Structure formats: structure tokens, C-alpha cells
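According to Swiss-Prot, the protein carries these features:
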- His451: active site, for 3-hydroxyacyl-CoA dehydrogenase activity (ACT_SITE)
- Asp297, Asn501, Tyr660: substrate binding site (BINDING)
- Met325, Asp344, Val401, Val402, Glu403, Lys408, Ser430, Asn454: NAD(+) binding site (BINDING)
- 1-190: region 'Enoyl-CoA hydratase/isomerase' (REGION)
- 312-715: region '3-hydroxyacyl-CoA dehydrogenase' (REGION)
- Glu120: site 'Important for catalytic activity' (SITE)
- Glu140: site 'Important for catalytic activity' (SITE)
Amino acid sequence: MIYEGKAITVKALESGIVELNFDLKGESVNKFNRLTLNELRQAVDTIKADASIKGVIVSSGKDVFIVGADITEFVDNFKLPDAELVAGNLEANKIFSDFEDLNVPTVAAINGIALGGGLEMCLAADYRVMAASAKIGLPEVKLGIYPGFGGTVRLPRLIGADNAIEWIAAGKENRAEDALKVGAVDAVVAPDKLKDAALALVKRAISGEFDYKAKRQPKLEKLKLNAIEQMMAFETAKGFVAGQAGPNYPAPVEAIKTIQKAANFGRDKALEVEAAGFVKLAKTSAAQSLIGLFLNDQELKKKAKAYDEIAKDVKQAAVLGAGIMGGGIAYQSASKGTPILMKDINEHGIEQGLAEAAKLLVGRVDKGRMTAAKMAEVLNGIRPTLSYGDFGNVDLVVEAVVENPKVKQIVLAEVEGQVKEDTILASNTSTISISLLAKALKRPENFVGMHFFNPVHMMPLVEVIRGEKSSELAVATTVAYAKKMGKNPIVVNDCPGFLVNRVLFPYFGGFAKLVSAGVDFVRIDKIMEKFGWPMGPAYLMDVVGIDTGHHGRDVMAEGFPDRMKDDRRSAVDVLYEAKRLGQKNGKGFYAYETDKKGKQKKVADPSVLEVLKPIVYEQREVTDEDIINWMMIPLCLETVRCLEDGIVETAAEADMGLVYGIGFPPFRGGALRYIDSIGVAEFVALADQYADLGALYHPTAKLREMAKNGQSFFG
């Protein structure tokens, strides 16, 4: 063994060729943490000092190559002063440059996923051989930053500016054949031939058949584009990418600016440009929020995985209530490998459910994401039925009937008598208490909530609700089934609205107050979309359904009368009475028309102003900032209450629930991180300015205590 560390080893293979192998002990994947970088420094120095070494193969001892930097280290690193952070980045880059400058040929053997710093390591090698099953990419823009280990320098010089911009700005993973096509790798081979192919390649370079120094040279020089070509490549790309990313996600455009700024420099000077831009992005609130989201997501996955130890395997599922929701649940279950019975009380419901599943499958086939054979297999996994005849071997039943407690209790009690004693029953309710529904059951310990969000195939979140009598086995099995369906489950405790809807309705409450104060709902929508929401509150209510919003508002008012009950009628009342139910019947706040592609689009409908007139109680002058505060303060404070009440266990889960469940702007990180970004004391002072609007705007005693003590939710 030439070098042996905890993350890297260097061993002799044959004929002066050595293998530099990444295999981080105690971890399931390789990543560039401080330890790995330090050992890479030592390994490169060892190779450089050994005159007997003729060539180097870089490999991984794990199923993946390297997943990138250790994101957990970013939080502390990014708090360092700018100059210190730049110096640290350049010091790390010197390791990659020294590896690139070795006086022997180097080949990276990419066996699995190589992302971020993992790909940047490969770019520093002279040649790259890739397993056909592997994927490579630079996903840093998804964290609000860009590649910081030479990716913006080496990739454009290797595959051309246009291709590099596309790879870096999109941040997606790229398949082997696409990597070969653009020249990011030199060969693609079967996984079991990878090491042999890398050996053969390095031998040909050692023999002089391939000139590795000539291959290396373009990466050390300036970009081969003249001034006009540069202007065309960069200015066009900046305009397009800015339009795609939007103003709240600066990283993709900053990456292009960095490539442009460094285009006329050689490698070392270009790396300095990269480091300066990287540090600038690292200090943005968008980067801090997106990195926080990534870490929250990891925490969520870890918590969900912990339930695997006691969960039962769901081999056969069932859904009660077909229709669009039932069809969506059936599609999601069957497409991820769990066969499902889909029961309804009439043929029409069954037809609707099957049509929904078929529509989603055809869409995947049309886009080339699924074969016709796979579609047939998934459809065969959905068995429609009007009876309970086959429910005897079902492991878990999702109840998805109408949102009415009496109807749900009748259906749940009925199905309980048709299934095994240990079958889990899960109600897809959005607001009704699980403990209340459980009163109709003989085995309440087998009952939980399983709240899917609409549309099921697109929304990543599932709330798993623990009732007063729900067993840990029932909770764990439901979490495992949600994961198997490809969803991100969050376990919450029972209360009206659970986490997401409990927090959403105060947001709608702020909106109702604004409309009743004479503020134009179109203006409110525009401001909240600019703030970062995927759609404004009026449009969102139309999409959800005014009737659904009306019912949910009443449930929440009953559950939390001290702050959510309003004796005055509001916009949702008059729209509901006027039978303007939103998208579902073509009129709500907006009117809806079908475009040429058959999709609904919203259009202005002046007649709605007459409908709203009776609930406009005053004409109040408000600024854009006021509108944001009227909307966001109630949402944030209710999230705080959910955490304090133990509805959700951690701040990370609360924030991820809002991002995944209602599209909270990711670059703001979630409600609690948003409070942190303002400052807890500053947020409390801000809320106090709006105290006259009612109890929804009153901070809790505990939040005031946090403000007094200088505390935050994420430290």
C-alpha cells in the first residue's frame, strides 16, 4: 500500500500503475469532507514524490463514485469572513490542480453517480471512462451556489461553453450516452468492464499512443472563443436562463457570468474568478435557505427510515373511493410496485378512477418515461371492484371518500369488518380529527391519517397523522408505504387541519382580511407570486375549490375559535353562495377558459366585483409590504404554534411540510427559516405592528421569550 487513509488509499496495480481509491469509512457514500480533502492532498503529494509511478487510475470502493461535497460542513464554512472562505476554496482547488498537473497520465473510472465535487475530481483527470449505468452532473445551483472545485473552469474548456452552461445552469444528472456525446467522458463501457477499460487506456497513454499532455492542455488555457462568439454564447444564455430561473434564484446566471469573466484567463486565474463568485453566492439568503432545505430533507429521510425497523411490508393495498383522488392514489401505488384494489359504490366512480390512472400513464408513455409494456403492467396492478370480496388479504386500506366525518365513520367501520385483524386503515382526510374518526372503530390502534395532496402524482408530501390511539406499528407501516409510493412522509399529531392546512388557513385568513379591506385580489396575487409563491392566494383558492376552502375554513374556525373564527362574512362565503366554486365549474375569483391544448387558463371576470361588494367593509390604503405581512405573519405564527403544541416534532419537519405541501417559496426555506432570516426579535416587533388585525397576528409567549433571549429556530 503506497498510501492508506480513512477515505483514500493508493495501491500499486501493475507496471507502475497505481489506483487512487475513494472509500470513506463508516459512510454509505463517498463525499468531499475535510477529511477526504486532507487525505487527497496527502495522496497527491505521495504520488508526485514517487518517481516509479507511471500512471494513475481514480476509482471508488462504493456503488457511487462521489456524491459531492459534504453539505453539512457548508453551514459553518459559509459563516467565515469572505477572505477566509476564498482562501480556503483556493487551497482546496490547489489539490485538484496539483492532481491535474501530475507528470503521469490519469484516468477516472466512474462506476456510479459522480456529482458536484465528484465530477470536478474527474474533470481534473486526463481521461474519463464511465460505466453505462452511471450518471454525472453539477447540481450545485439547486443549493443556491455553483460548482466551486473548478467545475466552471474545466467543464467549458472540455465540452464547450454552450454545453457547459446547459449542464451547470440546469444542475441535472446526465446519463453516460449524453456525457459521451458532448465529450465529458472519453468512453462508456459495461460496468463489469470498467476497471479493465481504465487500465487499457492508461497503458496506451503511458506508451505514448495517446498524448495525455496534449489532452490536458485545453483545460489549462483560456476558452477557445473569440469576442463575438463569447458575446453570442454568454449574453443569449444569460437572458434565457434568467427568464427560466427568475430573480429569486441567482446562482444559474451568476455561474454564466463567472464562466464569461474567466473565459480569457488560463486555469489558475480562472479559478480565482470562480472562488470570488462562489463566495458571493454562498453569502446569499437564497443559498442559506436552499442549503437549509437540503439538510432538512436529509433529516426527514433519516426520520422516515427509522420507522422501517418496525413497519410491516404492504404487499397488497386498497383504496376506498375511486374518482380522481382514488385514481391518483391507485396510480401512485401500482406504478411503484404495490398492487391495489380500487373500490367504489358505483361504476361511474370506478370509470373516473381508471380514467385518471390511464391518463397519467399515457402521459408518461408519450413523454418516453415509460414503455407501453410497463403501462400495461401498472394497469394490471389496479383492480377495480364494487364489493369487498377480495379485501381479506389487504395489508393497508386508504379511505378517500367525501370529506364528511359521518360518511367517513360509516365507511371505515364497514371496511374494518371486511379485512384482517392487523390490516391498517388510513384516512385521506385533510382536516377531520383522526381521533374523532377512530371512535367508530373496534381497533383504533390500527387507524391513522394519510393525507395526500392534490394532484397526488405531483405533490411530494404525505402527512401521516397519529391519532390518540394509533399504534407505532400503524404509523410506521403507513410511513413505509408512503415512501414506497415515492412520497416524502412527515408524521404529525392530530389536530384540526394537522400541520399543512392548519397553517394554510390563517394565510387565507390574511387574504380574506385584505379583500374585505378593499384591496384588489389580482394585486394581492401578483405581489405574493413575486414574493415567491407558485400562485397567488385567490388563484390557489380557485384551484383548491371554493367549496373545499369554505368547508375547511369552518372546520378550522370550530377547532381554533379564538383566532380563526370571524363573525363577518368574507370573500369565500359570497363566492360559495354565488356557486362560483373555482376551476371546477369555471368561475371563482377568476373565470376559466380552455386553451387549444385543452388546459384551463384563468382570465379576468369583472362580474366578480359585484359578488364581492357586500364583504368589502372599508377602503384601506396598504403598501406591497403590508400585503406580504398581512399574509405571511399569520402563516408563520401558526407554524410556530404547531411546533410549540407538538403537532410537528422539529422545525425542519415544519418547514419541509410547507415547502412540499403548499409550495412555500424554497429560496426562503420555510416559515421558521423565514422568521430566522428576519430575526426572531424583529419578526415579533413586526407582528406587533399588525396586532389590531386580530389574534392571528399575536406572537406566542414562547416566541417572545425566544426574541428576548436572542434565540433562533435553526441556530
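Along the chain as shown, the residues are counted starting at 1.
The backbone N, Cα and C atoms fix where each Cβ goes, and this holds for glycine too.
Shown on the structure are the features that Swiss-Prot records.
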{"residue": "Glu120", "record": "site 'Important for catalytic activity'", "Cβ within 10 Å": "27"}
{"residue": "Glu140", "record": "site 'Important for catalytic activity'", "Cβ within 10 Å": "28"}
{"residue": "Asp297", "record": "substrate binding site", "Cβ within 10 Å": "17"}
{"residue": "Met325", "record": "NAD(+) binding site", "Cβ within 10 Å": "21"}
{"residue": "Lys408", "record": "NAD(+) binding site", "Cβ within 10 Å": "23"}
{"residue": "Ser430", "record": "NAD(+) binding site", "Cβ within 10 Å": "22"}
{"residue": "His451", "record": "active site, for 3-hydroxyacyl-CoA dehydrogenase activity", "Cβ within 10 Å": "25"}
{"residue": "Asn454", "record": "NAD(+) binding site", "Cβ within 10 Å": "15"}
{"residue": "Asn501", "record": "substrate binding site", "Cβ within 10 Å": "21"}
{"residue": "Tyr660", "record": "substrate binding site", "Cβ within 10 Å": "24"}
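Within the model, the region '3-hydroxyacyl-CoA dehydrogenase' (312-715) carries an average pLDDT of 95.
Taking the Cα of His451 (active site, for 3-hydroxyacyl-CoA dehydrogenase activity) as the reference point, the closest of the binding-site residues Asp344, Val402, Lys408, Ser430 is Ser430. Of all the binding-site residues given, namely Asp344, Glu403, the one with the smallest number of surrounding CB atoms inside 10 A is Glu403. A gap of 20 Å separates the Cα atoms of Tyr660 (substrate binding site) and Glu140 (site 'Important for catalytic activity').
Counting other CB atoms no more than 10 Å from each candidate's CB, the binding-site residues Val401, Val402 peak at Val401. Closest to Val402 (NAD(+) binding site) in space, going by CA atoms and restricting to the recorded positions Glu120, Glu140, Asp297, Asn501, is Asn501. Put simply, Val401 (NAD(+) binding site) is 18 Å from Asn501 (substrate binding site) when counted between their Cα atoms. Counting in whole angstrom, Glu140 (site 'Important for catalytic activity') lies 16 from Asp297 (substrate binding site) by their C-alpha atoms.
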